Amino acid sequence: MPERLTEMLMDTWTPLIILWITVLPSIYMAPMNQSQLLPSGSSTGLKRLNEEQRVLHRSKRGWVWNQMFVLEEFSGPEPILVGRLHTDLDPGSSKIKYILSGDGAGTIFVINDKTGDIHAMKRLDREEKAEYTLTAQAVDRDTNQPLEPPSEFIIKVQDINDNPPEFVEGPYHATVPEMSVVGTFVTKVTATDADDPVYGNSAKLVYSILEGQPYFSIEPHTAIIKTALPNMDREAKEEYFVVIQAKDMGGHMGGLSGTTTVTITLTDVNDNPPKFAQSLYHFSVMEDVALGEPIGRVRANDLDIGENAKSSYDIIEGDGMDIFEITTDAQTQDGIIRVRKPLDFETKKSYTLKVEAANIHIDPRFLSGGPFKDTATVKIVVEDADEPPVFSSPTYLLEVHENAALNSVLGQVTAHDPDVSSSPIRFSIDRHTDLERQFNINAEDGKITLATPLDRETSTWHNITIVATETRNHSQVSRVPVAIKVLDVNDNAPEFASEHEAFLCENGKPGQVIQIVSAVDKDDPKNGHYFLYSLLPEMVNNPNFTIKKNEDNTLSILAKHSGFSRQKQEVYLLPIVISDSGTPPMSSTSTLTIRVCGCSSDGIVQSCNVEAYVLPIGLSMGALIAILACIILLLVIVVLFVTLRRHKNEPLIIKDDEDVRENIIRYDDEGGGEEDTEAFDIATLQNPDGINGFLPRKDIKPDLQFMPRQGLAPVPNGVDVDEFINVRLHEADNDPTAPPYDSIQIYGYEGKGSAAGSLSSLESSTSDSDQNFDYLSEWGPRFKRLGELYSVGESDKET
C-alpha cells in the first residue's frame, strides 16, 4: 500500500508541488495573515512591516515561508523538495550561504547552502511526528558572518489515510435479557483511527454490522448496539456472535476499515413454568419404615436456570396428606416424599397423593402465558413387614399393698402380633430392671406376681421392663415399662423423733413444762399421723410427773410438785406409750430420762452433778481444781521414782528379748585355716565365770542351792579339744539349774578324721576344675543328685 501510494503521488503531485513552491507561493500562503510572512534582510520583520504600512511605502524585498508542508509516507528515487529559502540580499553571486538548524536538520531535512532548497531525506510518518521546528539563517560564505537574524519556521507533515480503525478494547462480551423488546440497549463499542481527525476524512468513522443480523443493529456514528428482533428466546439460542466493522473516510469507497467481535449472551428470565416429567408416579414402602425416611423422588423440569428454575413442592390432595410430606432438594430441585406418621399394612395398604410444583420467583410480565405450576399423581403402596409385638398400652401402672402375699397376682400385661400370621407371644422380665428378682411373670398370659416381700418404707416404687417376644421369630421383640407402686399398711409403730433427755430444776414449780417431745411413724396414712400418748398402767398415778397432749401432735411433760433434790434422786425414768391411729393401731413404749439439776433463779441449768453436794461448804471451784492438780502432781512424782528404782536394780529373770541365746558376739579375727591351732586361744571358749566350776544363772531362780564344784584349771593352747568338750557336756548334763529348753553351743573347732574329708576350700591344693564329685553318689540318692548337679556345672564351665 505505501509503494502504490508513493507512485500515485509521484505521478500526480510532483509537478504541482514544484509549481506550488516556486511559482505560486503567494497563492498557497493567501490564507495566512501578515504575521506569518517575514521579510528577508530585516531583523524585526513584523516591526518593519508595520512601519512601511504606516508610510504606505514598501521596499522591494523577497519573502520566506513561515510554514512548509510535506506529505507523509512519500518516497521516491530522489529526495523530495520541501521548499526554498531566499533573501533579496542574494544577488546570485554565490556569496551567501544558507544554514539550517532545528528538529531533524542535517538528518531528515537537508538544505542546499547555495540555493536554499530544503529536501526531505527520509519517509515521514505523521502519526510518529506531526511537525518539525527549524531555524534558517543566511551568512556570508567567506566570513560566516550573519547577514540577517535567524528566521524560525515549521515544516508540517500532511496526513494521508494510511491507518485503519482499531478496536482497542475488543473483542467484546455483552448480555441482554431474553424476550427483550426491539431497540433494547446491549452495549457500545469504540474504534480509534491514528490519522489526523482535523484534516480530511481520514479519521471519520462509520460503524456497521457484518454478522449478527437480523438479531442486532448498530448506530453508524455512536456504535451503540441494540436488539433488532423481538422475543429472542434463551432456551432456543443462548449466545450470538456479532461482527462489527468501523470504516474511515466517512464510510466511502477507498476508506480503510477494522473489525471486532461482540459475543452477546441472552440472560434468563422466568418465562417457562415447571413441568413434571410424567403425570403418574408409583412408589412402594415397607410398613416399618422409620419416620422421616424418604420413600421416593419426583421432579418438575424447568427450562429456565438459576433462581428462575427453583420450584417448591406441596401435597394438595389425597388420602395420605397427614401421613406423608414432600420437601425440595436444594441441590437437585427434586421433590422428596417422606413418611410423617407410622404406616400399618393391616390398616391401609395404599395411598394416592396429588403433588404440585410451582415456581418460587415469578415474573409478572409473563403471567399472561399461563400459571407457573404443574401437578402430578403419586400412588404409594404399603408392603407388609414382620413387625414386633404391640402392647395394649404404652405403659402400665400397678399397685400392691406392702403386706401382699407371695405369688399373689399384681396385674397383667397383654400384647399381640400385628402381622397377618399372628405369632404367639412370650413374656419375660428384663432382669436388669429387677436385680433383686422381686417379681415374676407368666410367660404365656403376662400375669405379674410377687416373688419376695415388699416394704414400702424401703422402696415405694419399682420400675421394671416387660419383654414380649414372638415365638416364631425371636428377633421381633418389644418392651414396655411397668411401674409398680407399693401401697402403705400400718406395720410400723410410732417412736420418739429423737433421743430426749429432760432437765428438771430443783427449784422448779409444780405444773412446769419439763420437756416437749414429738413422735414419728415410718408409715404414711392417707389422712396424716395422729398420735396418742399415755403412761404405762403402773405409772398412771406417778407422784412426780404427768403428761399433756398438745394440738400439734406433740407431748408436754410436766412436774407435779416442787422440791426435787439431786441428793435424794438424781435421775428419773418415765416410760411413755405412743400409739398411732392406723388399723390395726400400732404402739411402742419409749423411756424419757429426766435429770435433776441445779438452776439459777431464772431457770438456767448450771450443774447436774451430785458430787457438788458432798463437798465441804464454802469450798470454791477454784480450790477444788487446785487440790486435784496437787494430787495429780504427787502421783506423777511417785510413778517416776518407782520407775527409776526399777531401772537401777537388775531383775532376777531376764526378759525374752534379752535372752543370752540370742546375743551375737562378733570377733574381727580371721582364722589361719584348718591346721592352724596357734592363731586362736582355746581358752576363750571357757566361761570366765566357770573357772571355779560355778555357773550362775540369771534367767531362772534355782529351787535348791548347788554347791560350787572345783573347776578345771585353764588349759594351755594345744589341749585336746575333744576332752574339753566332753567335760563341758558332763557339767551341763549334771547341772540341776540347766534350762529344760534347747540351747545353742558354738565351738570354734572342726573335727578330724571325717570320712568325707574337709568341705572347706581353705588351703585346697586343687582347683575347681580338678574336683571329682562322683563319690557323692555313694552316700545315697540325695547326694547322688547333688553330685550330678555339680558335675554338670563343672562341665559347663569347661565348655
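Note that Cβ sites are derived from N, Cα and C of the backbone, with glycine treated the same way.
Annotations in TrEMBL come from automatic prediction, not curation.
According to TrEMBL, the protein carries these features:
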- 87-167: domain 'Cadherin' (DOMAIN)
- 168-276: domain 'Cadherin' (DOMAIN)
- 277-391: domain 'Cadherin' (DOMAIN)
- 392-496: domain 'Cadherin' (DOMAIN)
- 496-618: domain 'Cadherin' (DOMAIN)
- 613-642: transmembrane segment (TRANSMEM)
- 753-770: compositional bias 'Low complexity' (COMPBIAS)
- 753-774: region 'Disordered' (REGION)
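Across the range of the domain 'Cadherin' (168-276), the DSSP-based residue counts are 3 helix, 46 strand, 60 coil. When pLDDT is averaged over the domain 'Cadherin' (168-276), the result is 91. As a summary of secondary structure, the domain 'Cadherin' (87-167) carries 0 helix, 35 strand, 46 coil according to DSSP. Secondary structure of the domain 'Cadherin' (392-496) per DSSP, as helix, strand and coil residue counts: 3 helix, 47 strand, 55 coil.
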